[in-house]
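Taken from TrEMBL, the feature active site, proton acceptor covers 733. TrEMBL lists 600, 601, 602, 603, 604, 605, 606, 607, 624, 737 with the feature ATP binding site. Annotation source TrEMBL lists Mg(2+) binding site at 738, 751. Residues or ranges marked as disulfide bond by TrEMBL: 241-250, 330-339. Taken from TrEMBL, the feature domain 'EGF-like' applies to 220-251, 306-340. Summarising the annotation, TrEMBL assigns domain 'Protein kinase' to 593-868. Residues or ranges marked as signal peptide by TrEMBL: 1-23.
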């Protein structure tokens, strides 16, 4: 049968080479490998993901492979939402197998394994050993105390193999596992027959579920190149980079002492990673940081070696210098892992002729290729090379990333054969179907079977490209009318083109165009209109200038703003800011700061515990510093916090400034160290009915803190805020989380990053607000005064409970202006609650000042009455905690 007027429809679905699998989570576990004493030993776990606040971190110890009779008693310390530290180990508690778990609703639990050995008789050649499916591996232990005794090998705590003492050589014992499978993955231990397992040692075998350099569900995809010791993940093909490197291919070295997927974390010991053992998600395992090796990661790499555990040799060529942290540092013009490749120009403007006698900028596009992936994308750009004759130039380099490939759907109609598809993408897979159609209803047939075609990656091209352009505008126009009856006006047009000029004064020849004609009435009318418009514009500008001068004068004299409330008015007087004085602060010498552990971290800054020496005395301090990628605004705010600390002076109930130091362009602020952390976590940890119910019932108390201690926290906060209000400082974020607990359980107000040294502050920028701790005027009008800093002073009654727990922020916005307030806690005395109600009044001027609050709380403390009753009574319940609501 012959079909006429048939059209063929070609359905093309293009799918670029990328997968939508989950990336490897940025989870790192590290321990103080150099420290042998249990009481000083610590294990830390850091979640570097942006949504780490949604994850729960925990460090657990295995009690199945190495069993202890007693439950571990080590303490867990949380540093924000992204870090947890296990410390305060007792005898032998630091020996064994530990796990770091990060859990949230989705994805499932991520887990890292770490081993800490006693190093009595055996030391493993490596704590973790990686093997691919089907390979043969050799598990090796070094003998520290060689004996003529057989060695027992165990797998996950069960007997596996015995090595006769005759088979030992070179003071090592070896176990060979052939044709490894996933079932062979686990913990292997070695010890002398009949000896305690503690005198032995453990190591872990990690088995990738695919053959070498393969990944995917069927292990048919080729792994990308993972440099500097990176490992290809068998599920998603990503490179898991060792500590000290980052990037898609682990090609970028971190700054010394930094680690993490984006080099965002820092080692706590002297800003280098000596003595720290790192463990990453499988299949990477554990190693020292880049530049270190040894059973306790205490040795620096030998000359010519670099990387994690110093396993890699630099072999630098062409004048490259070996760095034990990053590998070969190549001179200009050379690249590659061994400096064995030279750079290339992809685009050049070598034929540009410029006829100017002054300085100008020329933009040249110069790229160096380290690696080309399947999408022909440039992975890394190193440096640019300019070849100019006697240049005086200013060089700016801007590197960009290619657009991420997208899936597209095309439908091509044609009545001719063959069909040519235009503008196809390189290295792209296309799924093609053919469908026949004819005019009329029901003329379309079913699509044919799907065919697959792939385009190749084009080779390098070096064709010369010449660009031409024309001026897009005329830079200046000068019109000079000459009013003579017998002559026409002369119009002078000056046109100059500046190709990317900077501070240029080029020479040019004016082009004069004569327009000849008699002046007409319409022309004179045009002149009149232009003149009147000009006069009108000048008049408007003068009026605007007078108004601005008037406003400026009113501001200098002081301006009153009246805010209308449902229950009254609030008059605010803006006063002119005083002339700023030079900032002076106590200077600390960089050599007198010894960094220890990271104790706090935010998006753009971190706090590190340190031992400092000032005026001949050694003391603990908390060092605040910004991260490397902090913005200019962050640096400005950080300097502003130092200014606030300097102006505040010293007080026992605020975190006081010790000094500051500048080093290599970075500012470090040293403040008092508070060993018990923030008051919110301290209060919540005191809920003994939740942490140790047996103890609570035995002693008849719901808290590890007494009523006097809890009330004293409120007294300390009131005293500190009394001092701040006298200094005319508005804190703006007074909450238990921003109060630290120092020595002798003294509460100290901290976090002055939002403080303002003004009587009244009006917030004009957008940002997340601590709604549950804010006053009415701050919520409704963004106005802050010293009377706005009251709302969380007496939170100690709730033992760290969430204010207005169970209510959303939207409900608070609606109900607070209507007079709704928190109910009285059952364990709170009426006198304390009445003071709380006074602090919650609508009208700021009706609230008691901090001087009165401080006086009243001190009188309560002297009365020795249980104003905060923490004794167990029938149906005792703590105030609710809603971590999600606190972040809203």
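Heads up, the Cβ atoms here are built off N, Cα and C, so glycines get one too.
Known features from TrEMBL, placed on the structure.
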| residue | record | Cβ contacts under 8 Å, 6 or more apart |
| --- | --- | --- |
| 241 | disulfide bond | 226, 228, 230, 247, 250, 261 |
| 339 | disulfide bond | 316, 317, 318, 319, 320, 328, 330, 331 |
| 604 | ATP binding site | 626, 627, 629, 630, 631, 634 |
| 606 | ATP binding site | 266, 598, 600, 624, 625, 627 |
| 738 | Mg(2+) binding site | 678, 731, 749, 750, 751 |
Q | Chain residues outside the domain 'EGF-like' (306-340) and at least six past its termini with a C-beta under 8 angstroms from it | A | 126, 227-229, 242-244, 253-254, 256, 278, 287-293, 299-300, 368, 370, 382-383, 385
Q | the domain 'EGF-like' (220-251) - residue tally per DSSP class, helix then strand then coil | A | 0 helix, 8 strand, 24 coil
(Q) Can you break down the domain 'EGF-like' (306-340) into helix, strand and coil residue counts using DSSP? (A) 0 helix, 12 strand, 23 coil
Q: Measure from the Cβ of residue 733 (active site, proton acceptor) and count the other Cβ atoms within 10 Å, all protein chains considered.
A: 19
Q: Look at each of the disulfide-bonded residues, 250, 330, and point out the one with the fewest other Cβ atoms around it within 10 Å.
A: 250
Q | Collapsed DSSP category at residue 624 (ATP binding site) | A | strand
**Q.** Assigned element (helix, strand, coil) containing residue 606 (ATP binding site), judged by DSSP
**A.** strand
(Q) Measuring Cα to Cα across 600, 601, 602, 603, 604, 605, 606, 607, 624, 737, which the record gives as the ATP binders, how far apart are the two most distant ones in Å? (A) 18
Q) DSSP on residue 600 (ATP binding site), three-state: which is it? A) strand
(Q) Rank the binding-site residues 624, 751 by how many other Cβ atoms lie within 10 Å of each Cβ and give me the one with the fewest. (A) 751
